[in-house]
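Structure record follows, encoded as structure tokens.
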Amino acid sequence: MPTYTPSQSEAIACVEEPLQIIACAGSGKTQVISQRIADLLASGRAEPRNIVAFTFTERAAAELKDRIVHLVEEAGTSTVGLAEMFIGTMHGYCLDLLQRNVPETFKYNVLTDITARLLVDRNSRQSGLTTCEAVVNGTPKKLRRFVNSRLYLSALGIFREDDVDQNRVPSSFKMAFEAYTHLLRTKGYLDYTAMIQLAVEMLENLDPEDDDSMAQALHGYVRDGVKFLVVDEYQDVNPLQERLIRALTQFGANLCVVGDDDQTIYQWRGSEVSNIITFARRHASVRQVTLDDNFRSSRGVVELGRSIAETIPVGDRLAKRMVASGHQEWERGDLLALDFGTENDEVRWICDRIEGLRGVSFCDSPSATPRGLSWSDCAVLYRSVSADAGPLVDELRRRDIPFVIKGLNRLFDSPEVAAVVNIFDYMVETISAAGLRTAWETAELIPTSGSWDAAVAVLDTGRDFERGQRWGIYNIQRVYLDFLEALGIREDNLPGQRERRELAFYQLGKFSQVISDFEEIHFSSTPAEKYQAFAKWLQYQAPDYYADVDDDVGYATPDAVTISTVHQAKGMQWPAVFVPCLRRNRFPSKRQGGLNVFHVIPESAIPGADRYKGTRDDEARLFYVAITRAQKYLHITYSPGAGKFYGKRSEFFDHCTRHSLVSTRDPGLPAGGRLTPQPKVEAAQITLSFSELKYYFECPYQFKMRFLYGFNAPLHEALGYGKGLHDALSEVHKRAIHGDLVTVSSAKDLVDRHLHTPYAYPELRKQLERSAIDAVARYLTTHGDELALTLHSEQPIQVHLGDGVVVDGRVDLIRRLDTDEVSIVDFKSTDRAQQEEVTRDQLHIYAVGYQELKGERADLIEVLNLDPGAKSTREQVDDALLTSIRDRIQAAGTALRENDLPRHVSWCGACESCDFVALCRPRESNQRDGAERE
DNA sequence: TGTTCAAATGTTTTT
DNA sequence: CATTTGAACA
């Protein structure tokens, strides 16, 4: 067990009263929270299911969970049931809460930022967009479709997440809000805010008298289940999230909040610093523990950081005094604040320095043997990557220095995507076939052995909008995939090197995702209009929507310089950090022109509205975060930017030059010999869902196409049928667990509640509804008397493989048979065909998960097919398979980390059912799935 | 130190 | 196209 400082130990041990941990940068707070939770489990004070921990990102959650599991294993505490501990985001928690406990919401789909905006624009009136008014200089103006939808959505966000004074909000906005809410409900959507909002409303109104069995269960779950709540990054909690925290602790759960007010950098997203500042005043007998030992950085970095934080008025900060307690030595010349005459000088110097630091000796920990610094030990942090990082990127390219950049990956800027966009310009006849061909030639996307004419023929057929009545046949995704297929495009027959071809395929895959986003909202528009709208959207809207796509293909961590915004660097550290472009008006950043949310919701209606605009002190906190990312070498630089707005030095830059530990002239590179550059290796956390893993087992290359490149199968008109059945049965089983046994007469009611088939035409919808009712009735008839033996429904389970690989999933049903055997059940319906061995694998993974959950083996696995006359299977859990499956998951993790995801050597059963064979190899049989194509 | 006006500007991002 | 900056002027 690691040794802890007295204050760390105090925090770990405090489990009786409300605890506030004030954690300075680099103070090891994740370790402290992990240890505290591990100790709670070891002492028997809490079962895993009594613990809920919130983080702000999935990544942080994965890391926290991994640490806890390690500590629990080290301590020799049982890991049984660990899957029932919730460690994740508030959004994840609320979504889960709703979708497991509130039957009405089982069928809801989640809107992303992109699909929400598409929905608002598509339904510009019904969403309230064009009825909402912005008051500019006293004159109300209606918001406009496309132009103001982003603004409208952010206003809706603030309205729901902040404590907005209803009386000061114009009625036009309130009506618009009602319209939007209504639209979400009728279409069966939850946006990110609605997830939390609905959950909070549920929790705040829990009524022990409620006679609904599900509502009672939810009440019991919160009252008796949640005993310890931990909230990480508490400084970033907004008012709605604070309500969630209150609601979850209303029955006396212990609350522990962890954060650093100096690192509040998301005010403009609603973070309310006062939550953390006044925490002690708002809760009785709070224990406050300050972790002010910074183990990450040298004295120089720590003191410079602290001096920045101390420019914030005392009343707006929690008292703390960060001190350097790590092993990094400060040496004169480590901290530089340099002023350059031109942008080019600045950028060249940064690259020189990065090259010069390579091989410099560095120790990651007091006991570690020194290693030579490498590319990945350097990070360049910008206030705005999109505005300022361009010149550096050019210079790094010129010098062949590897880098990864976050914040400037504009999907639509690549020639590949431009060529793809042209497909749809051709579809709506704004360019000619020749123009299209030129674009594809320019983008080097025409395979060595391809049939261009056949590909264009696909489009010609596709744009004949007189082919049939059903709108579902004018499927954009289908046209796209068919076009690629006709062209004969493969990852290995594109021009260029392996990496270029991989990147090109990645772009094609991402575009498939773009289509899915659009088509989810526009599926049933009249065909011609749908293609028109798509082409227009690609031209005007989409480039900004996809302004920063994730560009890492896979889990491999390259040895490369990181370029990122300060925001994205939060929580990370590097031996050497550069903070360039410290220009006035950029950092601290000022002003925002144009129409803003305050034209829609008056400033006076929002308490602390200032924070949405960003204050100087907010920027100081951001600068503080930037500085404290550095372990040893820190370079703050300035050069005048283009235009006189950015032609002066930032006050933060001047602050640094005045600091005594900072040098303002380049003393040259650190003295001493050079070692071989050795990047720090950190194996990426891999969390796979059961279904992802299933695809991997089916075919690693299919997995890559689907999840790493992002290819999506065409939307199917019957989509939602399988899920509806699942959800209906899930309600049946959940109610059964609470002793509420449903009978055949409820079949219709269940289907009404759960079947959601947004893409079905009326005829099909009726037909699906009938078969769903039949299926549910059939299930209740044949299995009704077994319901009382239900053990778990939609039980979350996990499989942990020691080295950061976690498989996460949910089992449809676990029940006890009258023979007293425990059986794991998976429901199947008219899903895509799946090979039997894959199903067997899948159920054995469940069996492994069950074992981790309960500490006991399941006896049987069953596949219950809900289709009429279909065959169901039941077999014993196979011990050999149970053991081997763990090894195979482990191997999958290794393969993912190494990006070794090959296709099968020859055509096989997996190819038969693969949605993307066409992009992989020639089809064995020439016939395609006729039904889907009409 | 305050007022006026022309010129220049368009961040940051998780779920 | 609304807002903010910074210089010119009072």
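Glycine is no exception: its Cβ is also placed from the backbone N, Cα and C atoms.
TrEMBL labels come from automatic prediction, so no person has curated them.
Sequence annotations record features per position, and here TrEMBL assigns domain 'UvrD-like helicase ATP-binding' to A:2-298.
As annotated by TrEMBL, ATP binding site applies to A:Ala23, A:Cys24, A:Ala25, A:Gly26, A:Ser27, A:Gly28, A:Lys29, A:Thr30. Other C-beta atoms found within 10 angstroms of the C-beta of A:Lys29 (ATP binding site) number 21, with every protein chain shown included.
For A:302-571, the entry in TrEMBL reads domain 'UvrD-like helicase C-terminal'. Taking the domain 'UvrD-like helicase C-terminal' (A:302-571) as a whole, pLDDT averages 92 in the prediction.
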- Task: May I ask which residues of the same chain, at least 6 positions away in sequence, place their Cβ under 8 angstroms from the Cβ of A:Ser27 (ATP binding site)?
- Result: A:Leu291, A:Asp292, A:Asp293, A:Asn294, A:Phe295, A:Met322
- Item | Cβ neighbour count (within 10 Å, all chains shown) around A:Thr30 (ATP binding site) | 18
- Item | Neighbour tally for A:Gly28 (ATP binding site), based on other Cβ positions within 10 Å of its Cβ | 22
